[in-house]
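Notes to accompany the following structure.
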Amino acid sequence: MNAHALGILEFSRLLAHVAGRATSAPGAAAVRALTPRTDREWIEAEHARVRAVRALVASELGWPTEPIPDIGEPLRRLRIEGLSWTALELLQGATLLRSSRRTRATLRDPRRPAIMLAYLVRYAEALVDLEPREQAIERAIGDDGTVRDDASPTLRKVRRDLRETEGQLVRLLEREMGKLEAHHQVSDLSVTMRNGRWVMPMRREARGYVGGIVHDSSGTGATIYVEPPAAVEFGNRVRELEIEEQREVERVLRALTDEIRPYHDAIGGAYDALVALDSLYARARYAIEAQCAPVTFGEPSAGFRIVDGRHPLLLASGGAVVPFDLTLHAGERTMLVSGPNTGGKTVLLKAIGLISMMAQCGVPAPLGETSQLAVFDDLYADVGDEQSIEASLSTFSAHLKNLGEILRSATTSSLVLIDELGSGTDPAEGAALGGAILETLTRRGTLTLATTHLGQLKLLATDVEGVVNASLQFDAVQLAPTYRLLKGVPGRSYGLSIARRLQIDEAVIQRAEERLPSGERDMAVLLADVEAREALLADRERLMEIDQEKLRARLATVGDRELKVREREREAERSARQEARRFLLEARGQVERAIADVKRQAQVEGEAFEETARAARRSIEEAAAEQGEAVAYVGLRGERDRARVDAKRGAAAAAANPSLGRTLRPERGAVAPLGEGDHVIVSTLDGKQGRIVSVRGQDARVAVGSLTVTVPLRTLTRSAAAPVSMYRTPILGDVPEVEPVREVDVRGLRVDEVDDQVLQALDAAVRNDLRELRIIHGKGTGALRSRVSEMLKKDTRVTGFRLGAWNEGGAGVTVAELA
C-alpha cells in the first residue's frame, strides 16, 4: 500500500491509538505493525475474529487478560543447541507458559458460545499446556529472577559455605580495624567490598603499618581500602566459592533450558497465538469504545456506502464529531466536493481514506449499521501543502508531481483523494487541468474524491458521466459550517459573505459583487435557492422522523398492552381448566365411592350391577361434556357445579335402587310411558324438574336447568306442570370427543403436559368399559413415568397399575388396571 498516502493520512497515529488498548507490549507492537491488505477473504475473516472477541469481551465470563512477556528474541535463541536462557528469561518463559495454559482453558470453557469460539479455533489449538515445565522453572527461580538455593543440593551446600566463609572474613576484618590507632581509623566507614574483594577502610598514612593489598581509594585519596595479609586466604576462599556457585547456577539454567528446548516450536506458536489474540482484543476494545458497527465488503466497481461515518482521529481526540453519510453507486466514479474554507472538506477526504485503510487492516472503523466498504488495491492522496525548498518545489509543483504519479499508477480498483484540485495557479488553467485529470480518472473507472473552490469544475458533473457534485452544508445566517454532506448539490465559497461578516467596507463588497461575471452571479443565486430548499426539506424530514418515532413508540406500547391482555386471557383459561379438572376429579371420586357402597349393599346380580354402574359413569361423562369451556365464566359456575354434583349422586343412587323410576299412574289406572318432551321430576336430584330430551333403552337424557344428564327411566316421575323457567347460562365450546383407545403415547411431552393426555385416555377407557390402559412414556430419565404413577395413584377408577412385561414395552410402559 502507498506509504506516502498513509503518511499524509497519519495512519500510524491511528494505529498507535488502537494499540493502546492491548494488554502487552508485544500485542501493542502487533497492532502498530498492521498494514492494509487487499485480500478480501482475509479482511472478512479478520473482522469476523474481531467480532468474536468483542462478543466474548461483552459476555458474562469476560476475556482472559493474561500477561505476555516480550521474549521473541530468547525464543529464537532457544533453537540453538548449547545456548541457555538467563534466569530472568526462564522466568518470563514460565509466565508465557502459564498464560498459554490459562488462556487455552478459558477459550475451551464449554460455557462460552461455540459459534464465537469457532472463529478463534486456530489460536486455541496453538496454545499449549506444559504445566510440568512451567512448575519446574518456578521451583528453581524466584520471583526476583534469581536461582533459588534449593534449585540443586550442590547449590544449597555451596551457598551455605559461602555465607559462613564471608561471615568469618568480615569478622576478621573488623578485628583488624579495631587494632588500628584511633587517628588511622575512618570513623564513619566499615568493612565493605571493592572490586569483588572484602576490604577495610583506613587512613592512607596507616598503609605502612598494616601492609596488605590496596584495592581502591576515595576520591581525595585520603582513605584507602585494604585487604590485610590475614584476610587474603579467606578472600581467596570466598572467590573460589563464588566461582563454584556461578558454575552451579549456570548448570541449573542449562538444565532448565534443555528441558523446554524440545518444545521450542510449540512455545513459539503459543507466543504468536497470544500476541495475535491480544491484538484482536485491542481492536475489539476500540470497536466497543468507538461504537463501530459491522460492515460488509465489496468490489470498488460497486461503489461504497458510509453510514454515520466519523473521522477516527477526531474521535480519538475526544472532541465532538459530526457523523456523515456518503454513498457512491456503481455508475458514480468521481465525487467533487465544493464549499467554503473551514467547511470540513479536507477532514472528509482524510476520514474516508482512514476508514477504508483501517478496515483493510482488520481494524473496525467508526461506522453505523448497513455500511459497505470497497476493498482497494492501493490508495493515492494529494492532500495538504507539500512544497519543498530543498527539492526546489513550489506548492503547485508538488501537487503536479503527486498528480502525475496518480495518473501513472491508479487502477480501476484504486482510491484517489485530491484536495484543492486546480489551486496554486491561474484559475482558468487550474480548472482546465483539474477537469482533464478528473475526466481521465473517471473514464478509467478509478474511484476519486476531490475538493475544489473553482466554479468551472462544478460544471464537470453535467459534461462527464460518472462525476457527481457534493458540498458540505454551510449556515448562511451564522456563516458557520454544519459539516453535513449534501450529495448532488455543489457548494458556494461564501467569500463575499464572509468578507461582509468580517466588516470589510460595504462599498468594496458591492463593487466586488458588480465585478462578478453575470454567470457567476446567476449561479450563486441558484445555489442559494437550492440550499434554502434543501434546508427546508431537511427540517421537514426531521419533523417526520420525530413523528415516526412517536408512532413507533405508540405502536410498541399498544403491542405491549396486547401481549399483557393475551397473557391474562391465557392465565384465566389455565385457571378455569385447572378448576374444571379438580371439579371432575372430585365428582368422579364421589360417584365411584357411591358405586362401591351400593355394590356392598345391593343384593343384585353382577351383570345387572355392571349395567347400572356403566349408566352412572355415562351420566358423569355426559355432564362433563356439557360443561365444556363454560368454566371460564367463573362467576356463574358455582350454582351449576352444585347441580352437576347432585346429578351424579342421583345417578349413583338410581343405579343402586331399581325400585325408583316407576312412573305415577294416571287416575284411570293405566301406565303412561314417558317419552321425548315430557316434563318429569328427577328423584335422584332432590325432586328437581326437567324435560326429557331423548330416550335410549332404559335410560333417558333429561335437561335440568343448564345441565343435561342421563339417568335411568325408573328414576323419573311425570310432572303435572311444566317447570318454572330458569336462567340458562350460555355454554361456550365443547369438550372434544375422545375415541376409545387401549394405549396412549406421551413420549416427547413435558411433565406438565402429560395430565390432559392421560386423563382423556382414562375417560375414554372407562366410558367404553376397558379393563386395561397401556400408557407409553418411554424410559428416559423416569420423570414421565413418575408423573404417570402419581396420577394413577390418585384416580379412584384405577384399581392398580404395573410396569409392562418384556413383550409389552418393559419399563417404558405402565399398564393401568381399571374398575
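Just so you know, glycine gets a Cβ as well, placed from its N, Cα and C.
Record features, source Swiss-Prot:
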{"type": "BINDING", "residues": "GLY339, PRO340, ASN341, THR342, GLY343, GLY344, LYS345, THR346", "note": "ATP binding site"}
{"type": "DOMAIN", "residues": "744-819", "note": "domain 'Smr'"}
> Just counting, how many other CB atoms are there within 10 A of the CB of LYS345 (ATP binding site)?
Replying inline: 27
> Out of these binding-site residues, GLY339, PRO340, GLY344, which one has the fewest other C-beta atoms within 10 Å of its own C-beta?
Replying inline: PRO340
> Would you list the DSSP helix, strand and coil counts for the residues of the domain 'Smr' (744-819)?
Replying inline: 32 helix, 19 strand, 25 coil
> When you measure from the Cβ of THR346 (ATP binding site), how many other Cβ atoms are you left with inside 10 Å?
Replying inline: 17
> Over the domain 'Smr' (744-819), what is the model's average pLDDT?
Replying inline: 86
